[in-house]
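Novice: So Swiss-Prot says this about it:
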BINDING   892, 895, 898, 900  Ca(2+) binding site
COMPBIAS  1100-1115  compositional bias 'Basic and acidic residues'
DOMAIN    719-863  domain 'RCK N-terminal 2'
REGION    494-514  region 'Segment S7'
REGION    551-571  region 'Segment S8'
REGION    615-619  region 'Heme-binding motif'
REGION    639-668  region 'Disordered'
REGION    717-737  region 'Segment S9'
REGION    912-932  region 'Segment S10'
REGION    1066-1124  region 'Disordered'
TOPO_DOM  1-24  topological domain 'Extracellular'
TOPO_DOM  138-152  topological domain 'Extracellular'
TOPO_DOM  199-202  topological domain 'Extracellular'
TOPO_DOM  260-273  topological domain 'Extracellular'
TOPO_DOM  297-305  topological domain 'Extracellular'
């Protein structure tokens, strides 16, 4: 009876397949064996017959060939024999079979899209059949199943039908059918496909050898190579090892599961044991590892024999494969891999100097919440794996940031990050490196590598030294017209500082404009409240509505400010030949065209949309600017999409030039070309400007001619000048002082308006910089050290307009807190100095300027306008100073009376808000700003460099020096560009608005009357207090609202038009070219101390002293120089302290020209 029970298979009432319980496993196995051996017999029989046919017919073929040769002459007429027709038919048949075979080969080799789909589908279905086997392994080995009711059997049947078709394709494509029949994949099909058809016929299922489907895993690596997923040798090897190991393991477990659950046939299947498939997997693992716990073991004879042989092979495989797999995985780069581009999402590649500081600053600005539509993924590529802090930063931004380890100098790594499909590549520089030239060389090599791999990729790179920008022009595929940009940190940071010498606080305002800053609301009435309201403003660009077409720039600017609450400072103008240029406050001569885009200062990108949506018909009566939205009128803006915003790059296809990069666009008023008097007096043989007409120029001077000793400098009273205190030695890295001097020598200043520049520092260092400075006028050198007070007194630092403190030794110190020690010590040294007040009060160049026409003084007194200035400062605290810092946290040491927390961000500190401190880190925001709008960089460079153009850079790249040019109408036309100035409200035509007036009224009056565009206020820090304060510190307010109340001591930032007539009155004062050379010793900022009260004797005494000492400080004065008049007037010390040393210009502004009201 027990024997009978062992023979009975499970029988259900619905499916009475065998009432006797007879096993039918042999039928399933026989189907596979018959298929295999039957096919093998047919192949061998076919080959044998084919061989015999070939041997037998070999002699007959030779006889036919002989007959053909003998009868060839009789067929000279060209007719074909029937034999030829038969041969053509045979050839056609062979060709058809060959084409079918080739097609089948292509289908299984994944050379086409259909083939790749087929290969992947076969593998996927094989894994699916294996999963079905795993599911069925929980059932008995043999059971009754109805095909029409068993869902898994139906799926398995469908899979095997597909395998049968695929087997046919493989058979057709096989070059050798015998070897194909013996392949592993063929054997798998023989023992898995036929049993399924037998199952349908017998209505019963046998688990059998279906586990052989696991052997398909061996092809996993091959399929991944077909799909071009695996490319590296390590990845291919790793997948091969894993697939062979796992497939062998699963297949062996399937065999143990079959024999152990079936039992020995010769024992009448009585020694079977119920083991699940996963217990067999466990058994094989402990067997391979030779652990053998004994909890599970084989009881059947086939199982035991299999285990004996499996230990031999399995142990060898386990001992060799597992260590190799672990080694490959362990040595595999954590940040290897390749970037997978997401459809519909752009990505950029960031490389170069990748550190926690540089990446955090970049991500903070790039992913700022104000950029609400940034759909860009950031891919960092660096050859060093990130440390734990940087890795944590990447994980915090994992949705938008990925890191890959590699080098941009390796084309394979560039392919990994998909540089060819990247929207741009950004290269960061190490601002604190010891060797800036070496760092620039590294970045240039990165550019060369990237451009060599993909010439069309847009690159934005940081450069440290200005002279290294020239090397980028040597790269053939470098094209700034297509968006390639080089952000030169030396050029910009020194340009910002130079503009602060002309209008103190401007560096802070510009830095806040191109960086994204969140609005921080402060309720109490302090200077922080108004400063932070301005910090929330940024620079945006947007197309102008068609309602502005035909109006002049001042009219549109006023309308935007008054009605739309937007401040427009520049436009992108497209000339007739479609060349695009940025024009800053171009004046009333220019009319707005269709498709013109404007540059706006606003707090939100949504606000700027008002300029695009504005419709005169629909919005003319609206007073609330928030209600200005897209109306139903059919306008041109509806047809042309708005693409200019801070979040979208501007690609116009034209040239991105500075306002004066080309003289093609000229004023349409008679002031553009010099008057007849100027042309008559203009000596065409005298070079006063460089060849582009953008900067004042003089013949190269030897450095010995501009060097003065301390005693010689003390004999000359300098006033209204710029003192540059520089720390450096013979081996220090060059700062690039040319970038500081060039903005101060811009040609839109008249010669008498140029501030004299005095360098105080090591002569060994300045000799290295002199090659780039010897073409600029009004430059002097005092060898010494800025820490010596005697040197500072010798250059009259208490009478200067600005003291700049720079250091070339900042990056040679490992301790970051000590990097700025020299600059901080010099700043504190100056602030602690005391000065004598015995000279009196000098009415000289003022903090602001007063428009001409308000002062009817004589020509001799005409240069003297505006506010009164106290030159004899009693304490160094009131000296205007701007200090450059490397480490932002060191800003806390500059002001001893501030309450800034050491952890306060730089832009929130008092020294930065007051414009007395500048750090190169604020320029990091330019990378993001340039990517989203490449015209922003052009605008910033135009404002801070004084007019540097691509043409000028090409010239400097050629000669590394400015080339002198003759004064022609074309070069003089380039002088006609606006500049930044500060307008005083204490007196002059705007004095009535200074006492409680409205900023909006001042804006409109200045714009209509003088074409001056106001954009900010430089206000005393304690102006909001009801009680008077002795503090002379000021802070910056950017773009105040219309109703903002003014105070008399305010200084207004404005964009001032070039005055063509200011130079003519000066020329009328000049004498002959020989006699004027003597008077030229009296520059606009140099006053000698008289030995007597007789003022007429001063030029002669100075001339005689020059002959005796043979020291010529100013040998390059123009012929129209004039002696400066000094008037002594009493003045209250309190008022002087509030308004002194904040002078940006002493120029006369153009005559009053009323602007027509076009609104």
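Indices start at 1 and increase along the chain as displayed.
Placement of Cβ uses the backbone N, Cα and C atoms for every residue, glycine included.
Are these features on the surface or tucked inside, and what are their neighbours?
Specialist: Of all the Cβ atoms in the protein chains shown, 20 others lie within 10 Å of the Cβ of residue 895 (Ca(2+) binding site). In the three-state DSSP assignment, the secondary structure recorded for residue 895 (Ca(2+) binding site) is coil.
Sequence-distant contacts of the region 'Segment S7' (494-514) (same chain, at least 6 residues past either end, Cβ-Cβ under 8 Å): 534-535, 537-539, 601, 722, 735-737, 739-744, 755, 801-802, 804, 806, 880, 882, 884, 907, 912-915, 918, 922-923, 925-926, 929, 936, 940-941, 943-946, 979-982, 1015-1016, 1018, 1034-1036, 1038, 1053, 1142, 1144-1145.
Remark: secondary structure over the region 'Segment S8' (551-571) totals 10 helix, 6 strand, 5 coil, with classes taken from DSSP.
Through the fold, the region 'Segment S10' (912-932) approaches residues 348, 358, 361-362, 365-366, 371, 424, 426, 428, 431, 460, 462, 485, 487, 489, 492-493, 496-497, 500, 504-509, 511, 514-516, 527, 531, 539, 645-649, 880-888, 891, 894-895, 906, 940, 1018, 1021, 1033-1036 of its own chain, all at least 6 residues removed from its boundaries and within a Cβ separation under 8 Å.
Regional average pLDDT for the topological domain 'Extracellular' (138-152) in the model is 76.
Under 8 Å from some Cβ of the topological domain 'Extracellular' (199-202) lie the Cβ atoms of residues 17, 24, 27-28, 145, 147, 153, 157, all in the same chain and six or more residues away from its ends.
For the topological domain 'Extracellular' (297-305), the list of distant contacts is 256, 259-260, 262-264, 271-273, 283: same-chain residues at least six beyond its ends, Cβ to Cβ under 8 Å.
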Novice: CB neighbours of residue 892 (Ca(2+) binding site) within 10 A?
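Specialist: Here the count is 18.
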Novice: Sort the residues of the topological domain 'Extracellular' (260-273) into helix, strand and coil with DSSP and give the three counts.
Specialist: 6 helix, 0 strand, 8 coil
Novice: With DSSP as the yardstick, break the topological domain 'Extracellular' (199-202) down into helix, strand and coil residue counts.
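Specialist: Here the numbers are 4 helix, 0 strand, 0 coil.
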